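Student: Features from TrEMBL:
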REGION    1-27  region 'Disordered'
REPEAT    78-110  repeat 'ANK'
REPEAT    115-144  repeat 'ANK'
REPEAT    211-243  repeat 'ANK'
TRANSMEM  285-306  transmembrane segment
TRANSMEM  312-333  transmembrane segment
TRANSMEM  345-364  transmembrane segment
TRANSMEM  376-397  transmembrane segment
DOMAIN    426-562  domain 'Palmitoyltransferase DHHC'
TRANSMEM  472-497  transmembrane segment
TRANSMEM  525-546  transmembrane segment
Amino acid sequence: MSSTSAEFEPIKKDVSESTNESDITEVKQPVETMNSKVSDDINFSEMTIHQASRQGMLHIVKDMIESGFAKATDRDSNNVTPLHFAAISNHVSIAKYLIDNGAEIDAFGGDLIATPLHWASRNGHLPSVTLLINHGANPSLRDSQGFDCLHLAVHSSNPMLVLYFIFLDMAVDTQDSSEHTPLMWAAYQCDPLTVDILVRLGASLSKVNNTQLTPLHFAAMKCDKMCLRKLIEAGANINAKDENGKTPFDIVKEVKATEKWKKAVRETGLKKDGKRNPYLFEKKITFIILYIIPFFLLYIALLTLAHLPWFIGLPLAILEYIICHIIVTKVFIRVQLTVEFMRTPYLSSIFQASAFFVGATWIYKLLFATSFLYSANIIFITTFATSMYSFYVVVLGDPGFIPKSQSREEQKQLVIELANKGMLDARHLCTTCLIKKPLRSKHCKICNRCVARLDHHCPWIYNCIGVKSHRIFMVFLPLMITSILSFEYISYTYFVISAPPYVPIESEPCWLSDTYCGFFQYDGWTAALCVWSALQLPWLLILLCFQIYQISSAKTTNEVMNFHRYSYFTNKSPNVGGNGINDANEIINKTDTTHQQNECESKCKHHHKHNHFSRIRKVFERRDDVVNPFDFGCWNNWVGFWSEGKRGMLQNVDWYEVFDTSFIEPHDDDIKSRAGGYTSLKRDEEVV
Ligand SMILES: [Zn+2]
Ligand SMILES: [Zn+2]
């Protein structure tokens, strides 16, 4: 890759920004030489104000300035101010103190002739950046490399910082001295999250640098599948040529990564005519076909089992299912991504087809033959009808989608407000919907929406289970289980009274007892349907047990699987914003997550597997430091669950509007009385 990558020089770091403490001492002169007035009780001889600022020693910085020993405007041998060091170390309180004592906000210094804001941005320190911005720092100034703060934020791989600068109305396609845009840098750094944010906020896909390279060329240099996919999905021109006539694919061939490129292109659903479609036909037509297929599949599989000897029928029925699944996932869905498969109604239709044949078989075969079973038939039809009704209510209803119809101006206000409160992080902002995420909500990748108090996305239901649909889902589950059990009982009675004694056939050995062999011999269709229905019982029962456990302990499925990601499940004090330390932790956590995602998504299957197992292990690990702020005991949790927030301990909690656990205010008396008592929760604006 030689020629192209050689032109794209790596980012230089300012020597003064080094994290090595010995470097720091070298670049600063002793304080005594700056000021001869040494206070009697403070010995500053070993430290400079720059070092104290760097190391977060506010009291020393204060003493130095108050005693006249140093000034906020002092420069070291590299022309760097103490504010530079406070900013690069994210010591917000020191930076604020220095600014209040006359530090120059936009002082240029260091090898790269950069401002404190440049230093903070390059290191992704959002708290320092917001402080400097709020005191008038100019993010559009450039260092000696021609980078402004948006470029440096991209270099820091902190997507929240990138978002913040864009909403400060910085030009999203700002170009450095070699005319590289932030999107080119993000693509070159294999940072799909930042690429995604820049593209959605209007970054140009066709902008070129001084050698006519587009952002897609830069993604091709590193051939990160996720970045390539996001750029192509957004409409990047895969035939764009640089000044040497090279397309992105030519670059991919040079770096010998054609397979990765092909996979990325396949995953975008890009067709030969240049249009994108993840499905074989138009989306609507494909979905209709995928909805109908399971009805035919199940019909044919049941007929196969009914009319062929079991040792031929069973493998053949399984083969029919496998072939059908391959056709659906490889032919009808062109993009081989699980998320695209889950967006189709195929799995839900398998469930619906099963229910259809159970209902039809009951009407045409079982009802009249077992009409004397009043109770069983009434239980069956009642539970079957109500469970199917509740099923369609959940399928077609709103699980609790959080509205995202916000204007750019509203989004800007939100991002800046969150940044100022120290809450601009993945927990409080959905970077896809650009909305403030309420407590316990989550973005569903399949529905592509944020859902209030999300439990999980259910592929069989073909919708999310959230705050609005969780109760009806809990009506559906036990009803469906009862319905299957009563169907099995009715069918068994039907066979017992109708099936003649089993007549063995030598060419068709039956390894079951004579009774069951007789059932299959008499009515293979109903017998096969009974087996198929019974197979649904274990997973429905397990699901019900998990749900009962989770509601009893006031956790959602998402929280049980990912509790280590949510700080409100630990004994840490809640983050109510404005605290630089909390912010820094959030950023560190977020950055770690981003890096993990990059690794997982781009290459490391083993790592992913390992993560998966360690996640499961964590779920079952006993953690003494885990506390659940929503858990008020089993009884209260169930009261709260069924009363839709009208009663119980979390009375009047609106899961669309609550953003922090600090607003839960217990009333001791009410806890004792067990009947509703946590009064309405204050909104964060009232506290912060
Ligand atoms: Zn979202
Ligand atoms: Zn969903």
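Yeah, the Cβs are placed from backbone N, Cα and C, and that goes for glycine too.
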Student: Any chance you could find the range in 285-306, 312-333, 376-397, 472-497, 525-546 with the most Cβ pairs under 8 Å to the transmembrane segment (345-364)?
Tutor: 285-306
Student: Which stretch from 285-306, 312-333, 472-497, 525-546 shares the most C-beta pairs under 8 Å with the transmembrane segment (376-397)?
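Tutor: Out of the listed stretches, 472-497 contacts the transmembrane segment (376-397) most.
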Student: Within the repeat 'ANK' (115-144), count helix residues (DSSP H, G, I), strand residues (E, B) and coil residues, in that order.
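Tutor: Going by DSSP assignments, the repeat 'ANK' (115-144) contains 16 helix, 0 strand, 14 coil.
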Student: Out of 285-306, 472-497, 525-546, which stretch has the largest tally of CB pairs under 8 angstroms to the transmembrane segment (312-333)?
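Tutor: By the under-8 Å Cβ criterion, the transmembrane segment (312-333) pairs most with 285-306.
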Student: Note the mean pLDDT of the repeat 'ANK' (115-144), expressed as a whole number.
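Tutor: A mean pLDDT of 95 is what the model gives the repeat 'ANK' (115-144).
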Student: Using Cβ atoms and a strict cutoff of less than 8 Å, what residues sit near the transmembrane segment (472-497) while being 6 or more residues removed from its termini?
Tutor: 358, 362, 365-366, 369-370, 373, 376-377, 379-380, 383-384, 386-387, 390-391, 393-394, 397, 455, 458, 461, 465, 518-519, 522-523, 526-527, 529-530, 533-534, 536-537, 540-541, 543-544, 547, 551, 641
Student: Please indicate, using numbers and ranges, the residues of the same chain that are 6 or more beyond the repeat 'ANK' (78-110) and have a C-beta under 8 Å from a C-beta there.
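Tutor: Same-chain contacts beyond the ends: 14-17, 24, 27, 49-58, 61-62, 65, 70-72, 116-117, 119-120, 122-123, 125, 127-128, 131-132, 135-138, 141, 580, 584.
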Student: What parts of the chain pack near the transmembrane segment (285-306), using Cβ distances under 8 Å and only residues at least 6 beyond its ends?
Tutor: 279, 313-314, 316-317, 320-321, 324, 328, 332-333, 344-346, 349-350, 352-354, 356-357, 523-525, 527-529, 532
